[in-house]
Amino acid sequence: MIIKPRVRGFICVTTHPVGCEANVKEQIDYVTSHGPIANGPKKVLVIGASTGYGLAARISAAFGAGADTLGVFFERPGSETKPGTAGWYNSAAFERFATEKGLYARSINGDAFSDQVKQVTIDTIKQDLGKVDLVVYSLAAPRRTHPKTGETISSTLKPIGKTVTFRGIDTDKEVIRETVLEPATQEEIDGTVAVMGGEDWQMWIDALDEAGVLADGAKTTAFTYLGEQITHDIYWNGSIGEAKKDLDKKVLSIRDKLAAHGGDARVSVLKAVVTQASSAIPMMPLYLSLLFKVMKEAGTHEGCIEQVYGLFKDSLYGATPHLDDEGRLRADYKELDPQIQKKVVELWDQVTNENLYELTDFAGYKTDFLRLFGFEIAGVDYDADVNPDVKIPRIIDTTV
């Protein structure tokens, strides 16, 4: 079939398998052209491995450090008549390129929050890898079924303690719109912490440790975003921020556990990028469009792969990691450069419907958004007939 983009709200409901493959190849080429990661990991588990930062971590480990990788994700395959999810196509492409390079690459499809998927992962590590020396935790999910209670909990993006009004882009109509968010209830805050906080990360590490599949010296990292003042009301000081602060609490006990075997655990702070998760946050399209404009003009703009490859090379496996006072690894310092933030803040209230494309890089934002789904990739013929039914040969699918 011939597949064109169809966008509804913050989701593109179609995906392009050839475009997704080309996007993965571009990221692999970036890593291989920038040289190997010295003293990098050799056997890596990535939880949330199919898109965005998790995919970039899997690519950086495999093609930067020659690592064997096991990826966990929750995606949907295509059929002859309907495209699958972008993460399915990304993972199919990654596995093919990694296998061609002689690397082990295998994936587990299912709910990473579940005990079942944790057990299947442990069994697969024992059978195929023995032990892993890096665990990357990169889950972004709107809800979680708690494995112990069976309760399904939802996360909420709301401020805490006050109503917040802020500007944003209505990405469908391409107009500036004011949005009012009411404060989160305590139940909503608790739910967000349960879904997006550190409990599941800790459950993963506890399960892997008890099963004896963590190598001596193993490291783990979970990805987070802090942002600057302009996003704090609805992010760091809001319900999501409470979940992110929970990561900072949970990492301490995880670090103690791994340190007993010479290992380490860190929260890694990454910059704002276009992902399926960030595009759902009402103010982020405007913030990202301004940030892209300012950072591109300064020559410091980066996407997922640049961020994560840099994090691996400079901090996770670097001699002098970028650490903050809380012990987090920082890869977001270019975004938080005071000059960059000052310009973003200056432009924030100047943007109107008329000058949207002039004052911001909304065009670049839209391109990056479509690239998530395999569109707008150079060299791909979007008028060609493609088969949406792409197989991942050795996948362990717990959803069927």
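Every residue, even glycine, has its Cβ placed from backbone N, Cα and C.
Quick look at what Swiss-Prot lists:
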type	residues	note
ACT_SITE	Y235	active site, proton donor
BINDING	48-53, 74-75, 111-112, 139-140, K244, 273-275	NAD(+) binding site
BINDING	Y225	substrate binding site
SITE	E75	site 'Plays an important role in discriminating NADH against NADPH'
Cα-Cα distance linking the residue listed as 'active site, proton donor' and G48 (NAD(+) binding site), given in Å to the nearest integer: 21
Site with most surrounding Cβ atoms, counting all protein chains shown within 10 Å, from the recorded positions E75, D111: E75
Cβ-Cβ distance under 8 Å to V274 (NAD(+) binding site), same chain, at least six residues away: L288, Y365, D368, F369, L372
Those recorded positions of G52, F74, E75, L139, Y225, K244 having Cα within 10 angstroms of Y235 (active site, proton donor): Y225, K244
Spatial neighbours of Y225 (substrate binding site) among the recorded positions S50, E75, L139, K244 [C-alpha, 10 Å]: K244
Listed in sequence order, residues with CB under 8 A of S50 (NAD(+) binding site) and six or more positions away: G71, F73, E75, T85, A86, G87, W88, N90, S91, S107
Per DSSP, three-state class assigned to F74 (NAD(+) binding site): coil
Cβ contacts of F74 (NAD(+) binding site) (under 8 Å, same chain, 6 or more positions away): N109, G110, D111, A112, A141, T399
The residue listed as 'active site, proton donor' CB neighbourhood, other CB atoms within 10 A: 23
Proximal but sequence-remote residues of the same chain as L139 (NAD(+) binding site) (Cβ under 8 Å, at least 6 apart): I47, G48, G54, A112, F113, D200
Local backbone state of Y225 (substrate binding site), from DSSP in three classes: coil
Under 8 Å by Cβ from G52 (NAD(+) binding site), counting only residues of that chain that are 6 or more apart: S138, A140, V273, T275, Q276, A277, C304, L372
C-beta crowding around G48 (NAD(+) binding site), within 10 angstroms: 25
